[in-house]
């Protein structure tokens, strides 16, 4: 079985690994990964890697399960020898609001979810309500190299190649194509639901910051209010979500907005040294596109599994989506097996 995965962000690499781990013991797989960007130049490398879905219920109820599966998978690795290389760690902190809001659907997934006390709220005088919980961080700059190493150990080949069409890959001999091209998926097949959600972050040295602080303002929308997420070596400052903006250059205006708002939220950051600044595009869609489809090119056909449109929560949902993609791959194998069986003469 010849399999080509297009895309080498967290979705592409994790999907490739999940499928290879599950099916290579029972079905010889010749797997290749094509991408024009590999770590450290993917959107996943820009992400702080904090596990937290959006606050609102997803349109597709399956996404709740995929988020849960990802958290459980990562939590099972938290004390493993691989945790450090994966960039995986526990982190506690705050979600802050101007006024009371309903509890999120993931309140029973994270650890120790509770409402903030009046004394805790005194620490954040600009906010009137909040939550505290323990979650996970999974830093893409570590996790993607770890996934890549696991795949190469299994004999998966990675190629720096820009794919122009599914037909090009199909005519190259692929039996199954797995489309994990993120925000660029529309270049392979029109998808009017897919848009870039531009984000910009500042990375600082602030080792005294131990807790995440995420603020939320419904008037501004998701990711447009300040957030602070400590990592293993640096702290990520953010607060930009610009739908439809394809500008990949860092913006001075956005830099100033992020810096001022984060320093107001946590005044000690004024003393932090800025060590990096990055811009990336979240693949925004009304819901994740995770489905299989057969495409025909003349007399030939190829099976395609689409897995893209994860917005700003790709690392939060990636393993659950990889497991579902593997389920779809298993159905393709079963269908191909049945199609090869001789017809019954009973």
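Glycine too: its Cβ is placed from the backbone N, Cα and C atoms.
Note that the coordinates shown come from a computational prediction; the quantities given were computed from them, not determined experimentally.
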If Swiss-Prot says 52, 282 bind D-dopa, which of 298, 309, 312, 314 does it name for the same site?
312
Of 52, 223, 227, which is closest to residue 315 (FAD binding site) if I measure between C-alpha atoms? They're all binding-site residues.
52
Beyond 52, 282, 312, what residues of that chain have CB atoms within 8 A of the centre of the D-dopa site's CB atoms?
47, 54, 222, 223, 311, 313, 314, 316
Sorry to bug you, but what's the C-alpha spacing from residue 311 (FAD binding site) to residue 52 (D-dopa binding site), rounded to the closest Å?
12
Remaining residues near the recorded D-serine site, that is with C-beta within 8 Å of the centroid of the site residues 223, 227, 282, 312
197, 199, 222, 238, 240, 241, 311
Where does residue 227 (D-serine binding site) sit in DSSP terms: helix, strand, or coil?
strand
Closest of 223, 227, 282 to residue 311 (FAD binding site), Cα positions, binding-site residues only:
282
State the mean pLDDT for the region 'Required for protein stability' (1-16).
98
